[in-house]
Amino acid sequence: MVDTVIPGDMACLDADLLQLQEMSSFVLNSKPGFTQKLFDQWLSLPEAQRQVGSLLKDAVAGAPINVTGSASGSNSATIPSMFPAGSAPPLSPRSCGSPRTTKQRAPSNLGSTLKVVNEPVKEPIPQFYFQNGRPPPSEIKEQCMFRINHFFYGHMDGLQIQEFKLVTREICKLPSFFSTSLFRKIDLNNTGFVTRDAFIDFWVNGNMLIMDTTTQIFKILKQKDQSFIVKDDFKPLLKELLATHPGLEFLQSTPEFQERYAETVTYRIFYYINRSGNGRITFRELKRGNLIDAMLHADEEEDINKVLRYFSYEHFYVIYCKFWELDTDHDFLIDKENLMRYGNHALTYRIVDRIFSQVARKFTNKVEGKMGYEDFVYFILAEEDKSSVPSLEYWFKCIDLDANGIITRNEMQFFYEEQLHRMECMAQEAVLFEDILCQMIDMIGPENESHITLHDLKGSKLSGNVFNILFNLNKFMAFETRDPFLIRQERENPTLTDWDRFAHREYIRLSMEEDVEDASNGSAEVWDESSLEAPF
């Protein structure tokens, strides 16, 4: 053989390349020794060496390698000396180390020409990502544009805030008291006008048009650089509600109570919606809650007291008056002794201590040993609506003395001991702890009877009674005697919550007391603003 250096990829023998029609490639591959000798014999031929050398030079120089041959006859695929003269095996287009060469090839003719493979037709990929969401269908967009043109017709300079209310309600389908918040969201430069183009850019081009109502409201309420809603975000909303809702017109002469009403509504919203308790309502929390439905209801209902969720003035009145009754020095703060008087001294000292230790919720008021109005709103909602999840979480933290996530027998006994002592002092028939423990276990049906978890409480409709047994004597006794008045109330209005029933009873009581006081004074005189008492 000639002393020719053959690259590794070319030195590898592939039986298919020999193109022997007398023998199949399968036979050649099964006898590698014989095949190698055959290959060596061919490579020793001068003609083969010249052809291989020429191809190597072309390959090194980067020139295209052309291999020609004919497949017209049965002997045309043979190699020099062993095959007819003038034909040569083609070089493998890939190395023998390629995984593809492990696949068995069918014999091919040396003279076959390469087939031209047409490139696939390039089809444009439709856009699948939109920064502001997928744009609305053309039909919906056209309908919206027609309505926009109608409302902005004749207003070349744009609409002012009062004129913008119809746009908010008729085009955006949002509660009318969102008008100010939406207006300011669009009028970033505070010009006092929203032009047609500015509204289209925000509502149509920003794809607000096709978002669901919850997403629209969330984007309008939150600040631009935030991903959550805070209490201050509700201020313009509630200010407009107070200024425009027919059921709240009577408060316009008492701005201090307008402010208290707005605060109370906000606290109630965060109590029920902000489940994380961090003062920041996320989109997920907003979507899971019932605030949007309540807002839509408030916009449609002229009697604000029929909007029981969050916005009822009667509910605000009850909360504020209950706080005012306890705040004897009217500094808008209450201490432990003040709270002990709540519900006609219904609560135990031990539970009040736990409330003021702030294990259930950190007080927003920073005065040591004092509870502010916001803290009281959370307390009264938890106390009077023990069927709700926020209430169960509130009281669970109070009873769970070691904060280990379970309420044990010893922890329940610790709180019940004071209840037992109070019953004895009142000459009431005392119920032993062992008996009441069995009753509580039966009511909850915990997974493990040695302790009660928050999950156990959430799975039972009678969980509120367990807390009443442990620290509210009046409600415990009412439960033991099965107060027929309470049972009748529940049957008459099964859709109402415990809080709804409580607020209704208390409002009637407070109204009657107000009427008696007015009658004793001889006339219903105008409320003295300096007294900071409720107007009625």
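Each Cβ is built from the backbone N, Cα and C atoms, and glycine gets one as well.
What Swiss-Prot annotates here:
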REGION    69-108  region 'Disordered'
COMPBIAS  69-79  compositional bias 'Polar residues'
COMPBIAS  98-108  compositional bias 'Polar residues'
DOMAIN    174-209  domain 'EF-hand 1'
DOMAIN    261-296  domain 'EF-hand 2'
DOMAIN    387-422  domain 'EF-hand 3'
BINDING   Asp400, Asp402, Asn404, Glu411  Ca(2+) binding site
REGION    517-536  region 'Disordered'
COMPBIAS  526-536  compositional bias 'Acidic residues'
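This view paints the features noted in Swiss-Prot onto the structure.
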residue: Asp400; record: Ca(2+) binding site; Cβ neighbours (10 Å): 21
residue: Asp402; record: Ca(2+) binding site; Cβ neighbours (10 Å): 9
residue: Asn404; record: Ca(2+) binding site; Cβ neighbours (10 Å): 10
residue: Glu411; record: Ca(2+) binding site; Cβ neighbours (10 Å): 18
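Within its own chain, the domain 'EF-hand 2' (261-296) is flanked in space by residues 175, 213-215, 217-218, 227-231, 234-235, 238-239, 242, 248, 251, 307, 309-311, 313, 315-316, 319-320, 361, 373-374, 377-378, 381, 388-390, which lie at least six positions past its ends and keep a Cβ under 8 Å from the stretch. Summarised by DSSP class, the composition of the domain 'EF-hand 1' (174-209) is 22 helix, 1 strand, 13 coil. Tertiary proximity for the domain 'EF-hand 3' (387-422) is limited to same-chain residues at least six positions away from its ends with a CB under 8 Å from its CB atoms, namely 271-272, 275, 348-351, 354-355, 359-361, 378, 381, 430-433, 436-437, 440, 450-454, 457-458, 461, 463-464, 467, 469-471, 473, 476, 497-499.
Taken together, the residues of the domain 'EF-hand 1' (174-209) have an average pLDDT of 93. Residue counts for the domain 'EF-hand 3' (387-422) under DSSP (helix as H, G, I; strand as E, B; rest coil) come to 25 helix, 3 strand, 8 coil. Secondary structure of the domain 'EF-hand 2' (261-296) per DSSP (helix as H, G, I; strand as E, B; remaining residues coil): 25 helix, 1 strand, 10 coil. Taking the centre of the Cβ atoms of Asp400, Asp402, Asn404, Glu411 as the Ca(2+) site, the nearby residues of that chain (Cβ within 8 Å, site residues left out) are Ile399, Leu401, Ala403, Gly405, Ile406, Ile407, Thr408.
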